Amino acid sequence: MDNVLPVDSDLFPNTSTNTSESNQFVQPTWQIVLWAAAYTVIVVTSVVGNVVVIWIILAHKRMRTVTNYFLVNLAFAEACMAAFNTVVNFTYAVHNVWYYGLFYCKFHNFFPIAALFASIYSMTAVAFDRYMAIIHPLQPRLSATATKVVIFVIWVLALLLAFPQGYYSTTETMPSRVVCMIEWPEHPNRTYEKAYHICVTVLIYFLPLLVIGYAYTVVGITLWASEIPGDSSDRYHEQVSAKRKVVKMMIVVVCTFAICWLPFHIFFLLPYINPDLYLKKFIQQVYLASMWLAMSSTMYNPIIYCCLNDRFRLGFKHAFRCCPFISAGDYEGLEMKSTRYLQTQSSVYKVSRLETTISTVVGAHEDEPEEGPKATPSSLDLTSNGSSRSNSKTMTESSSFYSNMLA
């Protein structure tokens, strides 16, 4: 993904050929003011919101779950991208003059790809965690240490993927201005550039979204379309409802990301189909709009968490308790009120003529916090009674399908 405009259209400095020295895309002041206000909203909302999300998770033991660690990584990547790239993107797109030097030119083209990779693969890791928790509940879950290793690997791969674009970025001084561009190695038909852009688009957009879509489709079918026969308590329904809320929240997060970034990826694939399109006068406004939509994806997640998750809502209320129109809420519920009430429920499962009584440890709608005790699944010894309930045996299951929940 390029975050600068190619030079050959004087709106996009990505190549070193056909360079125009004049700036044809000068906007009236009122347009610049409107765009500046729109981009300011992104920066403020994203940085503040994502920093609060990080604080809510790291400052409260009950929030330090495997899934939430990935949400911390997602929030960090999005806050950094909003802080370090959004304003620079805007000023360069408006003025088409590079004010920030060679080092930041390289960083400006390098970091967004790394941040996007880290963001989307954090969502992929959450989808995988939900898939394992719901589809394979008796399989071992990631520990806090393993989760941190996964996050580290995600960033290493992200930096490697972004390296070529940062390496080939450079500045060029013209008589009237300085531009930031990417000088790819010379090759017929711009083969290296095309291959890299297509590879990046597949790896940071289409492939992870395909994996996430499959995971949540299977999880959704399991949670919404499957019913376990037999009696079910109110607590059972509460657990299923909690799981559904978590999955629904993450689906909203992923769909928001996909919608926000699709126009931007399409915009940067267009030059390989119709290069003359970038010569049009309106293309600057199209770029500013698609870039605003893409950058705005960094500010929506904190809003989604606050609206769809009770604990995040409590955390946001506490963080902004000084605001006159926000009630503090039950802040103790964020730290002290654990929903991991280990209640033992007896559920009778009737399958044909077999009746088996299972005494199940009902878990919370959250993963285990980092410091909390970890339940280890035991094998199930189901004993059928043949014809008489009096001959049935009772056994305890230390980890059940409905005992792995997310905050």
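In case you wondered, yes, glycine gets a Cβ from its N, Cα and C as well.
The following features are taken from Swiss-Prot:
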type     : residues      : note
TOPO_DOM : 1-31          : topological domain 'Extracellular'
REGION   : 1-20          : region 'Disordered'
CARBOHYD : Asn14         : N-linked glycosylation site
CARBOHYD : Asn18         : N-linked glycosylation site
TRANSMEM : 32-54         : transmembrane segment
TOPO_DOM : 55-64         : topological domain 'Cytoplasmic'
TRANSMEM : 65-86         : transmembrane segment
TOPO_DOM : 87-106        : topological domain 'Extracellular'
DISULFID : Cys105-Cys180 : disulfide bond
TRANSMEM : 107-128       : transmembrane segment
TOPO_DOM : 129-148       : topological domain 'Cytoplasmic'
TRANSMEM : 149-169       : transmembrane segment
TOPO_DOM : 170-194       : topological domain 'Extracellular'
TRANSMEM : 195-219       : transmembrane segment
TOPO_DOM : 220-248       : topological domain 'Cytoplasmic'
TRANSMEM : 249-270       : transmembrane segment
TOPO_DOM : 271-283       : topological domain 'Extracellular'
TRANSMEM : 284-308       : transmembrane segment
TOPO_DOM : 309-407       : topological domain 'Cytoplasmic'
LIPID    : Cys322        : S-palmitoyl cysteine
REGION   : 362-407       : region 'Disordered'
COMPBIAS : 376-407       : compositional bias 'Polar residues'
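Ranked by number of Cβ pairs under 8 Å to the transmembrane segment (149-169), the listed stretches 107-128, 195-219, 249-270, 284-308 are led by 107-128. The topological domain 'Extracellular' (271-283) scores a mean pLDDT of 77 in the predicted structure.
Only residues 6 or more beyond the boundaries of the transmembrane segment (195-219), in the same chain, are considered here, and those with a CB under 8 A from a CB of the stretch are 1-2, 113, 116-117, 120-121, 123-124, 127-128, 130-131, 134-135, 161, 164-165, 184, 247, 250-251, 254, 258, 261-262, 265, 268-269, 272.
Fewest other C-beta atoms within 10 Å: among the recorded positions Cys105, Cys180, Cys322, that description fits Cys322. According to its DSSP assignment, the residue listed as 'S-palmitoyl cysteine' is coil.
Reported as a whole number, the C-alpha separation between Cys322 (S-palmitoyl cysteine) and Cys105 (disulfide bond) equals 40 Å. Across the topological domain 'Cytoplasmic' (55-64), the DSSP tally of helix, strand and coil residues reads 7 helix, 0 strand, 3 coil.
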